[in-house]
Amino acid sequence: MSLTLSELQIRTLKQTLESSKIPFKSEVRLDILSSFKIGGICPVVVEPENSNQVLETLFIFYKSEIPWKILGGGSNLLISDHPDNFVTLRLSGKFKEFEYLEGGKFRIGSATNTTPTFRQISQLGYTGAEFLSTIPGWTGGAVIQNAGCYGGELFDLIQTVEFLRNNEIFVRSPSEIKHGYRFTEFLNEKDSIILGIEILLKEGNLEEIQTSLKDKRDRRNSSQPENKKSAGSVFKNPKIFLENGKEIKAWELIDQAGLRGQIKGGAQISPEHCNFIVNVGAATAADVNYLVELILDKVFQTTGIRLNREIEYFGDIP
């Protein structure tokens with residue numbers, strides 16, 4: 001277990017941030033920043049508003065030897081019950097904006113909320129991104145995981161990704177970035193920070209776009225736990241196909257293992273969609289992790305298939 005940050009480290013960090021005029025908050029409950037509504041108190045959350053402030057913040061972290069993690073929309077994340085051995089970086093300001101460029105191109109900041117952002121873009125009469133209006137979280141997180149559903153993936157639309165790596169800002173096309181099903185190279189690079197993207201869409205018929213938005217929203221609501229505290233799909237589909245071409249889904253394997261509705265503390269494997277774990281009470285990260293490990297073990301024992309987590313862990317989780 002990592003040691004907590006010292007009071008001197010925290011006090012010095014706050015003084016440095018104040019003198020640099022970089023926004024931050026103290027003693028932040030991370031559960032309120034998570035769709036799971038799980039997570040403890042972080043000593044400092046730093047909220048840089050532009051690229052220069054991000055670079056300066058990282059310089060401060062490295063100079064002071066302060067461990068840090070970046071947090072986005074918190075929608076596909078399980079946050080530690082005790083996030084007190086690091087500080088959190090959370091982009092703000094210009095990173096929360098998107099703008100139309102020309103010819104169907106949009107520049108989208110990494111801290112934009114995917115659901116309203118891509119709904120607004122679609123309602124401007126541009127088609128191709130309707131599926132993203134059903135995915136919660138922030139655009140930066142969607143980039144990192146190559147988020148997708150209903151046959152579409154974010155990288156199908158991306159023209160360029162702007163990101164920070166090793167204190168340098170890069171702009172790369174999808175062909176220059178390793179990516180695949182719910183995967184990009186950024187997943188394994190904890191020090192890389194997505195700053196924004198440019199996407200290209202086609203003009204479409206607004207009435208058809210509105211219908212598409214509604215159909216996808218209704219489809220999502222009918223197949224997933226509604227108004228429940230969760231982090232979305234817990235496991236990736238294993239990409240295994242039957243002889244008839246039907247894809248085996250993670251939820252089917254979990255159901256086959258007899259785990260639908262299983263409860264640990266305040267967490268439950270959803271009776272409605274068993275690839276979801278929901279917070280039905282005062283669930284802890286430890287409760288959720290117990291169910292995650294249970295699913296991994298039981299599915300392997302039952303089917304011989306090893307599932308891979310889709311949700312990310314944020315901090316130490318026993």
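Cβ atoms here come from the backbone N, Cα and C positions, even for glycine.
Taken straight from Swiss-Prot:
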- 38-204: domain 'FAD-binding PCMH-type' (DOMAIN)
- R182: active site (ACT_SITE)
- 212-232: region 'Disordered' (REGION)
- 213-229: compositional bias 'Basic and acidic residues' (COMPBIAS)
- S233: active site, proton donor (ACT_SITE)
- E310: active site (ACT_SITE)
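A map of Swiss-Prot features onto the structure.
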residue: R182; record: active site; CB count, 10 Å: 18
residue: S233; record: active site, proton donor; CB count, 10 Å: 21
residue: E310; record: active site; CB count, 10 Å: 17
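Here E310 (active site) is positioned 8 angstrom away from R182 (active site), judged by their C-alpha atoms.
Mapped onto DSSP helix, strand and coil, the compositional bias 'Basic and acidic residues' (213-229) counts 11 helix, 1 strand, 5 coil. Each residue contributes its Cα atom, and for S233 (active site, proton donor) and E310 (active site) those atoms are 7 Å apart.
Confidence in the domain 'FAD-binding PCMH-type' (38-204), given as mean pLDDT, stands at 95.
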